[in-house]
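**Q** Feature table excerpt (TrEMBL):
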- 12-30: transmembrane segment (TRANSMEM)
- 42-64: transmembrane segment (TRANSMEM)
- 76-100: transmembrane segment (TRANSMEM)
- 120-142: transmembrane segment (TRANSMEM)
- 162-183: transmembrane segment (TRANSMEM)
- 203-221: transmembrane segment (TRANSMEM)
- 233-257: transmembrane segment (TRANSMEM)
- 277-297: transmembrane segment (TRANSMEM)
- 332-354: transmembrane segment (TRANSMEM)
- 360-377: transmembrane segment (TRANSMEM)
- 389-410: transmembrane segment (TRANSMEM)
- 416-434: transmembrane segment (TRANSMEM)
Amino acid sequence: EEAVFLRKKITLVRAFSLLIGSMVGSGIFISPKGVLKNSGSVGFSLVVWFACGLLSMFGALCYAELGTRITKSGGHYIYILETLGPLPSFLFLWAEFFAIRPANSAVVSLAFGRYMLEPFFAPCAAPVPAVKLVSLLGYYMVLTLNSWSVTWSARLQTALSVVKLLALALIIVPGMMLLAQGHTENFQDAFDRQSLVLDKLPLAFYAGMFAYSGWFQTSFVREELVRPERNIPLAVIVSVITVIVGYMLTNVSYYTVLGTQDVLASPAVAVSFVQRAFKSLISVVPVLVALSCFGTMNGGIFTFSRTLFVASREGQWPPLFSMIHIRRHTPLPAVMLMFPLVTAMVCIGDIYHLMNFFSFSRWLFIGLATLGLIVHRHRHPELRSPFKVPLFIPVSFTIICLFTVAMSFYSDPVNISIGCTMVLSGFPVYYLIIHRQMSSRCHYLTHKLQLLLEVVQQEIKTY
């Protein structure tokens, strides 16, 4: 009875919440010691945190301009497709779907399960089967919500973003109070050069950038944003500045309460901080971390389903996944597609060795996307973008990304080679299936699944 398409339901506040909820994850609460360990001192670690925030701002500004130039959803995928062509965009999609997203979602889900159960089993470790069961239940709850309603998924993200900011405030306020009282002993010799090892600095940047990752999430839902030309740059700038300030103050609070050795020895810095600052809230921290992971799961499903939706619409993925539920107006097939892979990886459980592969593939394709911005400017000088950044920002950001990728082969050649092989394995698939458009042979199966799921093609284009 009405046109079926993805409605514009992402307001400025929801876009801000999506970015905050994606950037502020478990990393800042659990293991900022990776930056300290590889930077060598308190002072240099704070410099690394600020530099990672500044680099994230550069990347976010580049993506904000891409979001005003290219008016389709899809994030990295659509930007690479529109600027560099179909082959590199399909290689990104191939690696993202079969390795990066499901494994990353499984890691976050397992973290959610572990920290949800920790207050019930402390001081003992929670049983592994129970952790996996709760992890899957949490993931299925988010999956169901994203299949049911875009509005409620966005509302959940907004609520959890507030929880994450409150969690940061829980650490920042007591730390700043102690600092104001003159507790500066942990900042003596903050820039001790004797412990600085230059070849470990890239590893410090890996840890810092991992904590900031998520500044690109609005680019995945561009077609569902209200007034995207105004709200994308505004949401990006405000959210990244908020996270930079929050992360800097959080780390200063950590170092005010905990010494360098305490941070390095702690497997969960936020828990050690609360144990030292106020023990009465020790049971609150695991719950806050679990809610943080829950928000990260929600944001990941919400955004990546749009990548699959757009890729299907562009002819590089089976046509079923560009269809929308006739009543819920959600991309139901694209949301449900990750279900079997994530379930399998949560059951396997041992997937942490893929983290370096995440970094390699992520920064390779982000660097290609910002390179695409430079190419797009050169090809279309007549295009007047409502938001434009100085040229040195995409140039410097692209160089840093590609340099980081090159350095990763030196720091971890085995895992990076596996990741590179995974990306390159998409070549024969592209030329045998996508390039020849053999996907039309599965029309009968697509039609039956379409009837089963009650989904249809988008009737109008909203871009």
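Quick reminder: no glycine exception, Cβ is built from N, Cα and C everywhere.
Relative to the rest of the structure, where do these features sit?
**A** Here the transmembrane segment (12-30) has Cβ contacts under 8 Å with residues 56, 108, 111, 115, 154, 157-158, 160-162, 164-165, 167-168, 207, 210-215, 217-218, 221, 225-227, 231-232, 234-236, 238-240, 242-243, 246-247, 250, 267-270, 285, 288-289, 292-293, 295-296, 298-300, 302-303 of the same chain, all six or more residues outside its ends.
Sequence-distant neighbours of the transmembrane segment (42-64) (same chain, 6+ residues past either end, Cβ-Cβ under 8 Å): 23, 32, 35-36, 79, 186-187, 190-192, 196, 201, 204-205, 208-209, 211-212, 215-216, 218-219, 232-233, 236-237, 240-241, 243-244, 247-248, 251-252, 255, 260, 366, 369-370, 373, 387, 389, 393-394, 396-397, 400-401.
Cβ atoms under 8 Å from those of the transmembrane segment (76-100) belong to residues 63, 66, 70, 216, 219, 304, 307-308, 310-311, 314, 316-317, 341, 354, 357-358, 361-362, 365-366, 368-369, 371-373, 375-376, 419, 422-427, 429-430, 434 of the same chain, restricted to positions at least 6 beyond its ends.
Counting residues 6+ beyond its ends, the transmembrane segment (162-183) has Cβ neighbours under 8 Å at 17, 20-21, 24, 28-29, 242, 246, 249-250, 252-254, 256-257, 270, 273-274, 277-278, 281, 284, 288-289, 291-292, 295 in the same chain.
Sequence-distant contacts of the transmembrane segment (233-257) (same chain, six or more residues past either end, CB-CB distance under 8 Å): 12, 15-16, 19-20, 23-24, 28, 32, 42, 45-46, 49-50, 53-54, 56-57, 60-61, 63-64, 68, 165, 168, 171-172, 174-176, 178-179, 183-184, 186-187, 211-212, 215, 218, 263, 269, 273, 276-277, 387.
If one looks beyond the transmembrane segment (360-377) by at least 6 residues along the same chain, the residues whose Cβ comes under 8 Å of a Cβ in the stretch are 59, 62-63, 65-66, 69-70, 76, 79-80, 82-84, 88, 92, 95-96, 99-100, 209, 213, 216, 383, 391, 394-395, 397-398, 401-402, 404-405, 408, 415-416, 419-420, 422-423.
Residues 55, 58-59, 61-62, 64-65, 202, 205-206, 356, 359-360, 363-364, 366-367, 370-371, 373-374, 377, 416-417 of the same chain, all 6+ positions outside the transmembrane segment (389-410), place their C-beta atoms under 8 angstroms from a C-beta of that stretch.
Residues 86-87, 90-91, 93-95, 98-99, 315-316, 356-357, 360-361, 364, 408-409 of the same chain lie 6 or more positions beyond the ends of the transmembrane segment (416-434) yet place their CB under 8 Å from a CB of it.
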**Q** State the non-local partners of the transmembrane segment (203-221) in its own chain: residues 6+ outside its ends, Cβ under 8 Å from one of its Cβ atoms.
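**A** Result: 10, 15, 18-19, 21-23, 25, 27-28, 31-32, 34-35, 37-39, 45, 48-49, 51-53, 55-57, 59-60, 63, 66-67, 73-76, 79, 232, 235-236, 239-240, 243, 247, 296, 299, 302-304, 306-307, 359, 362-363, 366, 404, 408, 411.
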